[in-house]
Amino acid sequence: MKNLLDLSYEELVAEVTSLGLERYRADQILDWVFNKKVNNFDEMTNLSKQHRALLKEHFSIPFLKLLDKKVSRIDGTTKFLWELEDGNTIESVMLFHPDRITACISTQVGCPVKCIFCATGMSGFVRNLTTGEIVAQILSMEREEKKKIGNVVYMGMGEPLLNYENTIKSIRILNHKKMGNIGIRRITISTVGIPDRIIQLAEEGLDVKLALSLHAPTNFKRDQLVPLNKKYSIEEILNAVKIYQRKTGNRVTIEYVLIRGINDEISDAKKLAEILKNMKIFVNLIPVNPTAEDLKKPSRERLLAFKRILLENGIEAEIRREKGSDIEAACGQLRLKRIKSTS
């Protein structure tokens with residue numbers, strides 16, 4: 001039995017017609033799933049009983065099982081703990097803005113990158129999510145909250161470019177006008193920097209936004225913060241980003257988590273401005289959020305000084321407004337709960 005949420009539009013049409021159904025039946029099914037949030041064929045009343053029975057034999061539509069939900073008293077940010085069909089768990093977040101609703105979704109159970117300031121990496125890595133499991137996060141949040149998500153950031157648990165095929169396919173599904181119908185420029189992939197995949201992304205014809213989690217201006221410091229840097233140096237990553245920009249023309253966001261006494265020195269700001277010189281970028285400065293590690297935020301004065309140096313050197317920069325930290329839903333705070341090994 002196939003997970004219908006794993007299928008692209010073209011694949012679903014092919015599957016439906018191979019069963020002897022008319023092509024337009026695929027559109028009817030997708031309207032039920034993506035617009036009405038119905039995942040039971042028996043409720044799809046514009047399909048005949050015979051067709052419903054046939055579809056039930058061949059497809060499942062597994063939304064996610066909600067284990068827990070926490071709502072921030074500060075800003076309404078909502079964090080969801082989901083159970084997957086194999087018993088593993090992931091977290092997703094819904095963020096509310098005056099003009100939009102953004103979903104922060106996961107691409108892996110755990111994360112193999114193990115950034116020292118990120119709770120997800122502390123829990124280890126179990127497996128990649130399927131395309132359907134990535135898509136189901138959006139549908140399950142929309143059904144639970146009865147609200148339409150307009151923006152998606154691939155910034156939850158996991159490194160999206162280490163689950164490349166499923167990440168890209170899920171984006172095509174979420175963007176398709178008869179499926180998720182989310183504008184492509186409203187979708188952002190965040191990566192610590194996998195050079196060959198960044199270059200491959202430029203060839204996909206997907207005009208998504210790209211965010212690079214850099215966090216340090218030198219390899220010496222980044223090796224300590226992002227262990228994967230020992231495999232892919234800052235120079236290799238930024239070279240890939242430059243190739244990406246030449247091919248797409250798109251501005252790239254640089255994510256920089258600021259940690260007191262580690263990467264927040266004035267010299268760090270000057271070096272960061274130097275390595276990003278002449279690039280079409282925007283820097284998001286993120287004061288570190290509390291996790292199990294004893295890492296401290298810089299002072300407000302230091303944050304402003306860091307930002308000022310970037311601006312003085314022609315680098316656009318802003319200090320990100322924190323959302324959901326009181327429920328551990330902010331940057332770097334998502335973690336695995338009740339891990340069950342699939343081995």
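Note that the numbers count up from 1, one per residue, in the order the chain is shown.
Even glycines carry a Cβ here, placed using N, Cα and C.
Here Swiss-Prot has Gly158, Glu159, Ser213, Leu214, His215, Asn289 binding S-adenosyl-L-methionine, and the candidate from Ser123, Ser190, Ser267 in that same listed site is Ser190. A gap of 11 Å separates the Cα atoms of Leu214 (S-adenosyl-L-methionine binding site) and Cys115 ([4Fe-4S] cluster binding site). Following the DSSP three-state reduction, the secondary structure of Cys115 ([4Fe-4S] cluster binding site) is coil. In terms of Cα distance, the recorded positions that sit within 10 Å of Cys118 ([4Fe-4S] cluster binding site) are Asn289, chosen from Glu91, Ser190, Ser213, His215, Asn289. Here is what falls inside 10 Å of the CA of Gly158 (S-adenosyl-L-methionine binding site) among the recorded positions Cys104, Cys111, Cys115: Cys111. With Cys111 ([4Fe-4S] cluster binding site) as the anchor, the candidate recorded positions are Glu91, Glu159, Ser213, His215, and the one with the nearest CA is Glu159. Within 10 Å of Cys104 (disulfide bond), counting CA to CA, the recorded positions Glu91, Cys115, Glu159, Ser213, His215, Asn289 contribute Glu91.
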